[in-house]
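Novice: Let me give you the structure first, and then I'll get to my questions.
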Amino acid sequence: MDKQSKIILISGPTASGKSNFAVKIAKKIEGEIINADSMQVYKKLKILTARPNKQEQKNIKHHLYGFVDLNEKFSTGQWLELTIKKIENIQKKKKIPILVGGTGLYFQSLINGLVKIPEIPLKFRNKVRLMSKKEGQKKFYKKLLKLDPKIKDKFDPNDTQRSIRAYEIKSYTNISMYDWLAKTKSEFNDSDFLKLHIDTKREKLVEKINLRTSSMLNNGAISEVKKFLKLKIKKDQSVNKVIGIAELTQYLNDEITLDEAEELISIKTRQYAKRQATWARTRMTSWIKVDPIKLDGYIKKLKKSSLKLDQLT
């Protein structure tokens, strides 16, 4: 693999302006963009997933957007395999790969490699989740420490999702999650990446989320959900997690008003952004925090030859 140039990674919460930032960088340094958002891989649902539109993709090559059938399951492992190939092809053309998205697990798999943990049955996982809910996070975390002492000080004790994952892995495989992680191997070195995280203040992000929700509803989201419902997608498909489907379905069934649907979509999006922020705070500590107000200034400092941002703070 040609590793003469760095690979740029751009993360940030939903509605933070990642896609636009990536396009501007790509124009400046002759880059091509690779999707790192688990919902934007699906066909259809362009509006609800906030997939870059034709104008945004104009003159800049975009990869791994809107190519997975809605009825297909698409794993992190599949994304990683395709992404590595895309990176290789882009670098062969002497261009810069720019990965942009909000799916932390995708970035983690690229940087650290993918953990080859055996698939844990859904019934078993649901049992652990129910236990977590009944116990409460504080009590559940203490129980996790007894089961797997190796996880102590490895992550925030208030991180519910990570606690659940650690518990189900240890209890099902009898091997600590961190022993599994130790077995992983990445195709890359950490020095191969320039990792940028758009660090948006919560008040500003809430404002942007509300504006984007309103824009989606005014630009075809309802029609998009009507078409989606006609496809009769299985309920266990990941695409059903796209924010807006459930809420607009309720509206179309006359269960709630459009204003109520809009508010619910905004609330759920804010909750998702909060989870993304927690991931970034606990698992992206080495990433460069980029002030969204100063994005254009950072782009001016970016040079293809060195791919370093000077005076970031």
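Here the Cβ of each residue, glycine as well, is placed from N, Cα and C on the backbone.
Note that the structure is a prediction, hence the values are computed from the model and not measured.
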Novice: Can you dig out which of the ranges 37-40, 85-88, 237-240 Swiss-Prot describes as region 'Interaction with substrate tRNA'?
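Specialist: Checking Swiss-Prot against the ranges 37-40, 85-88, 237-240, the region 'Interaction with substrate tRNA' one is 37-40.
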Novice: Between 71-75, 161-165, 186-190, 281-285, I'd like to know which one Swiss-Prot lists as region 'Interaction with substrate tRNA'.
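Specialist: Of 71-75, 161-165, 186-190, 281-285, Swiss-Prot gives region 'Interaction with substrate tRNA' for 161-165.
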Novice: By DSSP, how many residues in the region 'Interaction with substrate tRNA' (37-40) are helix, how many strand, and how many coil?
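Specialist: Split into helix, strand and coil, the region 'Interaction with substrate tRNA' (37-40) gives 0 helix, 0 strand, 4 coil.
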Novice: In whole Å, how far does the CA atom of A15 (ATP binding site) lie from that of R125 (site 'Interaction with substrate tRNA')?
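Specialist: Between the alpha carbons of A15 (ATP binding site) and R125 (site 'Interaction with substrate tRNA') there are 31 Å.
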Novice: Look at the recorded positions K18, R125 and tell me which residue has the greatest number of other C-beta atoms within 10 angstroms of its C-beta.
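Specialist: The residue with the densest Cβ neighbourhood is K18.
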Novice: Tell me, if you would, which residue among G12, P13, G17 (binding-site residues) has the fewest other CB atoms within 10 Å in the structure shown?
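Specialist: Looking at the binding-site residues G12, P13, G17, the Cβ with the fewest others within 10 Å is that of G17.
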Novice: Give the distance between the Cα atoms of T103 (site 'Interaction with substrate tRNA') and S19 (ATP binding site), rounded to the nearest whole Å.
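Specialist: Taking the Cα atoms only, T103 (site 'Interaction with substrate tRNA') lies 13 Å from S19 (ATP binding site).
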Novice: Applying the rule Cβ within 8 Å of the centroid of the Cβ atoms of T14, A15, S16, G17, K18, S19, what extra residues of the same chain belong around the substrate site?
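Specialist: Other same-chain residues with Cβ inside the cutoff are G12, P13, N20, F21, A50, G102, I198, K208.
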